[in-house]
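Each remark here refers to the structure printed beneath this line.
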Amino acid sequence: MSKRELPPEAPNGPHKRSRLSKAFSPIKIATKEAAAVVDTNTPLSQLTELMFRNTKKSVIGKCVVFWMRMSDLRITDNKALSRASKQAQQDGIPLLALFIISPQDFVAHDIGARKIDFVFRNLHSLKKSLSELHIPLYVAVQKRRKDIPTSIIDFCEKYEARNLFANIEYEVDELRRDIETLKLGLSKGYRANFEHDKCIVEPGKLVTKQGHAYAVYSPYQRNWLATVNSNISYHLEDCANPTGNSSSIRTSDVFSPLFDTSIPAADVGLQEDDANKMKEVWPEGEEAAAKILQRFLNTKSRTSQLGAVNPVSSGSEDSPNNNRVAEYGKERDRIDSDTTSRLSAYLTSGVISIRACVRATMLAEAKKIEGDKTSGIGRWLQELAWRDFYTNILAAFPRVSMGRPYLEKFSAVVWENHQVPQESGWKVGMTGVPIVDATMRCINEMGWVHNRARMITAMYLTKDLMIDWRVGERYFMEKLIDGDLSSNNGGWQWCASTGVDPCPYFRIFNPYTQSLKADPTGNFIRNWIPELRKLHGTDLHNPPATLADELGYPRPIIDHHVARERALRRYKNPGEE
């Protein structure tokens, strides 16, 4: 895996650029036995128990600290920030915001340069917005991720903060980090408060009649919908914005220097033209996220939005009846125009809350959310429920974030050598299968692609090329600006038939028929594969060999029917060639 350049730890003095230590090489695939141990006593259950036992009344300090994470980069409707502000107001003391950059986290989770750049751009926006509220945002770098709990408590000690607030992240290592932070805080008389903010329904709350975590989406979604509608005010709480500090904090000898600290300069290896493109295609900030949501709810889809363009570019057409969310039920699987919301990057990084998205679909006096899968809104809310479902899986079955398949019986499936040319051809979009190649070129160009296209290319890699799903999972995380461990892992394991509620192993997408369904006009393929721009019909979706040769487009690197038989054989008898 490539290492990325990021700023070093800088607890004191000016921030400087430095290379991330190449010595850090985390274990990406745990043993079956080690993963099983973690599953039997999940980190989330441990953290929950500690929080339940942490009933000691907090002591009033000199300030309250809000610890911001990479998944809650916003001020509006931020549960932990709102709670921290309320505590500060109640105690009559200032609120401080803290963000810890952990380069080793980027490596451990295969987070790519585009997403890191997106995080930094949002941090700059947030520092300015919080400063207008007289709330300082201090951004520090901790080179060794295992030292983060100590750094957090040291910060609290330095500024005499007795209350720390943060939103929960559900990955194994992050939960373990929070457990250590909570324990360390308790031992020194500090109270760490962790809030569920990422999901509509917090992980662990919904279980089957037998008391087990759901591993099938449909019954989970039915329970999810009933649970949300049974207590709308709780699950869709519009958390109050933080109250600004008194302007007198600016003259404090202790706190005023925090306003003058800069955000570390990140050299993540992103070329200037790519950085500029990402800024255009994925503008930072809560205002941009809100505009993108409103466009989805109120305007028609446009073919002109297919490429790497600004999601709120001019030329949109309002339509009360034929807007994108209204048509979502019928058009969501089409990739030949902007049929989806384009909000995934903002949801993943928490620039907009999932609660705000759901509330925006409700009529003013509505007391329930839409649940009809035949309606556009109902279908979109089902997709948001998928995000909750996969986060719930991550928390309930942590082995999936440890490189293990949910269905261990498929851990013995024989994969092809992922260093072979076929894999590199897949990455650069030169497999000879137009829909796959257009998808990969789109990802490489704009850091995002429609989910239907992701499913097609993921199944092609795992079933046609028989390359380990973890290779594709990693590549997506490195390239996608909306890379999210729970959704990305869930999607890849679904396509590879190794995960929860998976596609059966014998269901293998034919990429050519999938192409005709997902891109019936051919606009998507023509947009991303200029070699085929003059083609139409079946020739576009599956060019004859002689025509492909004439146009300089590669022939398919593998015959789909031959590949299908190989996949069926290997999945039916894991361990056999």
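Just so it is clear, glycine is given a Cβ too, placed from its N, Cα and C backbone atoms.
TrEMBL does not curate its annotations; it predicts them automatically.
A simple way to gauge crowding: the CB of ASP388 (FAD binding site) has 23 other CB atoms within 10 angstroms, across all the protein chains here. What TrEMBL records for TYR328, 340-344, TRP380, 383-390, 482-484 is FAD binding site.
According to DSSP, the secondary structure content of the domain 'Photolyase/cryptochrome alpha/beta' (63-200) in residues is 69 helix, 30 strand, 39 coil. Per TrEMBL, the feature domain 'Photolyase/cryptochrome alpha/beta' maps to 63-200.
Positions annotated as region 'Disordered' by TrEMBL: 1-21.
Marked as site 'Electron transfer via tryptophanyl radical' by TrEMBL: TRP415 (among others).
Remark: TRP469 (site 'Electron transfer via tryptophanyl radical') has PRO405, ALA458, LEU461, THR462, TRP492, GLN493, CYS495, ALA496, THR498 as non-local neighbours, by Cβ distance under 8 Å and separation of at least 6 in sequence. The feature site 'Electron transfer via tryptophanyl radical' is assigned by TrEMBL to TRP469 (among others).
For TRP492 (site 'Electron transfer via tryptophanyl radical'), the Cβ neighbour count at a 10 Å cut-off comes to 26, with all displayed protein chains included. Summarising the annotation, TrEMBL assigns site 'Electron transfer via tryptophanyl radical' to TRP492 (among others).
Sequence-distant neighbours of TRP380 (FAD binding site) (same chain, 6+ apart, CB under 8 A from its CB) are VAL325, TYR328, ARG332, SER341, THR361. Comparing the recorded positions TYR328, TRP415 on other C-beta atoms within 10 angstroms of each C-beta gives the minimum for TRP415. Sequence-distant contacts of ALA385 (FAD binding site), defined by Cβ-Cβ distance under 8 angstroms and a gap of at least six in the same chain, are ILE200, TYR220, GLN221, TRP224, LEU225. This prediction places the mean pLDDT of the domain 'Photolyase/cryptochrome alpha/beta' (63-200) at 97. Long-range Cβ contacts of ASP482 (FAD binding site) within its own chain (separation 6+, distance under 8 Å): LYS115, SER344, ALA345, LEU347, THR348, GLY447, TRP448.
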